[in-house]
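Asker: According to TrEMBL, the domain 'FAD-binding FR-type' annotation covers A:1-106. What TrEMBL lists as FAD binding site is A:ARG57, A:PRO58, A:ILE59, A:SER60, A:LEU74, A:TYR75, A:ARG76, A:GLY81, A:THR82. If you look up TrEMBL, you'll see A:CYS233, A:CYS238, A:CYS241, A:CYS258 marked as [2Fe-2S] cluster binding site.
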Amino acid sequence: MLTEGQVVVHESLGDEEQRLRRLVLKGPIARTAHAGQFVAIQVQDSSIASFDPLLRRPISIAGISSERDEITLLYRIQGRGTEILARAKCGERLSVMGPLGKGFSLPEKGELWLVAGGIGIFPLYPLAQSALAQGLTVRLFWGGENKSFLESAGLSSWKDLGIPLQLSTLDGSLGQTGLVTEQAQELLEKSTASGGQIRAAACGPKKMMQAVTELFKNYKVSVEVSLEERMGCAVGACLGCVCTLIDEAGVLIHRKVCQDGPVFRGEEVVWDESC
Amino acid sequence: MSPVNLSTQLAGITLRNPILTCSGTYGFGEEYVAYCPLEALGGITLKGITPLPRLGNPVPRLAETPAGLLNAVGLENPGLEEFLKSYLPKVRKLPTAAIANISGFSLEDYVLLARALQKDSGLAALEVNISCPNVKHGGMHFGTDPQSAQEVIAAVKAETDLPVIAKLSPNVTDIVGMAHAVQLGGADALSLINTLLGMHIDINHQRPVLANTFGGLSGPAIRPVAVRMVWQVFQAVDLPIIGMGGITTWQDAVEFMLAGATAVSIGTGNFVNPLAPLEILQGIQDYCEKRGLASVHDLVGLAHRA
Ligand SMILES: Cc1cc2nc3c(=O)[nH]c(=O)nc-3n(C[C@H](O)[C@H](O)[C@H](O)COP(=O)(O)OP(=O)(O)OC[C@H]3O[C@@H](n4cnc5c(N)ncnc54)[C@H](O)[C@@H]3O)c2cc1C
Ligand SMILES: Cc1cc2nc3c(=O)[nH]c(=O)nc-3n(C[C@H](O)[C@H](O)[C@H](O)COP(=O)(O)O)c2cc1C
Ligand code: FES
């Protein structure tokens, strides 16, 4: 769907140093959106024709309110495109394509473990909400750079969900020092030994998602991961955004992150960069 | 006032209107269905195919540049057999003309593809890509050497009863010489232009952004080069031209037609605005109406008047 989203909230998120923004757009996308899907957003007002930057930017849907026809996007100012986006004012209309791609799936019952690295946390919030609404037990492992980052990137709304949170920071300023995987391992050991039915969803840096997939595989817990790639069309037409998977027959195949993903089963992803 | 006649004759085929989409930017036709009604288009050009399946280049395959896009997809495609089996049946059902795009690494590759694609396949025409810059030892030498270009077009022409469109590379010093060569080879029409070879270096990592190092530049950044080439070829060669390269608005499309394009094709512009083909068609129509032109064809080459 190609729509015009009207900016209803656009604000800095937490500590300004973190360069995070919260953008709420009004429009029909909320009605069909699922956790893990994304939008391709034009970074300047759609009434002004401008071709620099040329391409839309892919941003995950971080909040869905179908009653209010609103989606929330949370993003980090990363470069020129997001810098320009950050200037959009309330009332402005931005051209948005979406909801795009295939999102996360939910198990029927049991536990859903969420594993996030950095801003990979953003698409996991609506997933946690749907999982809780469906009566699943949800738990979050989240690693970030430091306390300021975790607090800016929405820690308090996660606390509001009332689920167990296992936090880690690189500098130890909040939670444990180190990587999320170290935290998850101990609990995996215990939970799987007692026969718990667990599924996991991970989003973050590639290396982290690879480590999560490999660790969880040892405990026979399957993980869905959300991949990122540079995008052109965002609808599967240009083959700019492929990732490499290994199919059941052991053959390497390409899939489009924008259309077949961004969510894939971790076990089928070939993490080697050279493919 | 009577409505503007949009119907466009090209290489012996009749298109509903002069708006096409570019190979490699519109998949095999299905991807944009939810965004742009295909029945409103003159036609679409399918992703380039080769005899054997290709996985293409590693990622990153795309890099954005000022008003432009570098791509190094590397001709990823399912190969001829799979195209005929899984894609062609769906393509035949599309509510618009479909032009296949073929690429090869040798004369035999082109011959094999042309032989398999005839009028009874339901395709409207065959576009021969002699110019893909993203593949090492790829079609490039066909695209830069007039003699080889003539041979490859002649060989394709001898194998298929479909109209043959030669797609030229802008990475040459003499575009007119190339156009003459493919005309001698028997081309029924020309597509101008493919992407311009370029590169982008990430100064933080001090490395090329594209895994393939080089890529083909498309988008508004290349438009003036494309318009110039259409202009020169229109003056020198008597074949219909499909103009492409950076078309994103109706004004761009009108510019190409004034330079000598019989039809226009939209590529990277779809990524920016999936409704671009429709808006461009409407814009051309309004422009003709305002200027009192009865047919879009009256625009073709109009800027060449003394
Ligand atoms: C499916 C998906 C979901 C995403 N969700 C979010 C999100 O919720 N919040 C968020 O902050 N960021 C998200 N990103 C990353 C975001 O798209 C990039 O940070 C953004 O495009 C950078 O644009 P820029 O012009 O500011 O930066 P620049 O670095 O100047 O971008 C230059 C070019 O590189 C591309 N690019 C740069 N970084 C990335 C990247 N990591 N992934 C893909 N393309 C990139 C840009 O699209 C652009 O074409 C997501 C990416 C994908 C693929
Ligand atoms: C992602 C991408 C893939 C492309 N693949 C092909 C291809 O397979 N065959 C071909 O002849 N041209 C290919 N092209 C070139 C386009 O068809 C077109 O000639 C060029 O992009 C200029 O038009 P534009 O600026 O409107 O995109 C590709 C272009 C892009 C951006
Ligand atoms: S971005 Fe074009 S295929 Fe995914």
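Easy rule for this one: first residue shown is 1, then count along the chain.
Note: Cβ is positioned from N, Cα and C throughout, glycine not excepted.
Quick one: where do these features end up spatially?
Answerer: Across the domain 'FAD-binding FR-type' (A:1-106), DSSP classifies residues as 13 helix, 45 strand, 48 coil.
Spatially close to A:ARG57 (FAD binding site) yet at least six residues away along the chain are A:ALA40, A:ILE41, A:VAL43, A:GLY81, A:THR82, A:LEU85, judged by Cβ distances under 8 angstroms.
The secondary structure of A:CYS258 ([2Fe-2S] cluster binding site), as reduced to three states from DSSP, is coil rather than helix or strand.
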Asker: Taking each of the binding-site residues A:ILE59, A:CYS238, A:CYS241, A:CYS258 in turn and counting other Cβ atoms within 10 Å of its Cβ, which one has the fewest?
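Answerer: Each of the binding-site residues A:ILE59, A:CYS238, A:CYS241, A:CYS258 was scored; lowest Cβ tally within 10 Å is A:ILE59.
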Asker: Using a 10 Å cut-off, grab the number of neighbouring Cβ atoms around the Cβ of A:LEU74 (FAD binding site), all chains included.
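Answerer: Within a 10 Å radius of the Cβ of A:LEU74 (FAD binding site) lie 22 other Cβ atoms.
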Asker: Once near-sequence residues are set aside, which residues in the chain of A:ARG76 (FAD binding site), 6 or more away, have Cβ atoms under 8 Å from its Cβ?
Answerer: A:GLN18, A:ARG19, A:LEU20, A:ARG21, A:THR82, A:ILE119
Asker: Do any of the binding-site residues A:ILE59, A:LEU74, A:CYS238, A:CYS258 touch ligand 3, in the sense that the CB is under 6 Å from one of its atoms?
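Answerer: Within range of ligand 3: A:CYS238, A:CYS258.
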Asker: Mind sorting out which of the binding-site residues A:ILE59, A:ARG76, A:CYS258 are close to chain B, meaning Cβ under 8 Å from one of its Cβ atoms?
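Answerer: Qualifying residues, whose Cβ lies under 8 Å from chain B: none.
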Asker: Cα distance, A:ILE59 (FAD binding site) to A:CYS238 ([2Fe-2S] cluster binding site), nearest Å?
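Answerer: If we compare the Cα positions of A:CYS238 ([2Fe-2S] cluster binding site) and A:ILE59 (FAD binding site), the gap is 19 Å.
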Asker: Tell me which binding-site residues (A:ILE59, A:LEU74, A:ARG76, A:CYS233, A:CYS238, A:CYS241) have a Cβ under 6 A from ligand 2; sequence order is fine.
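Answerer: Listed by sequence, the hits are A:CYS238.
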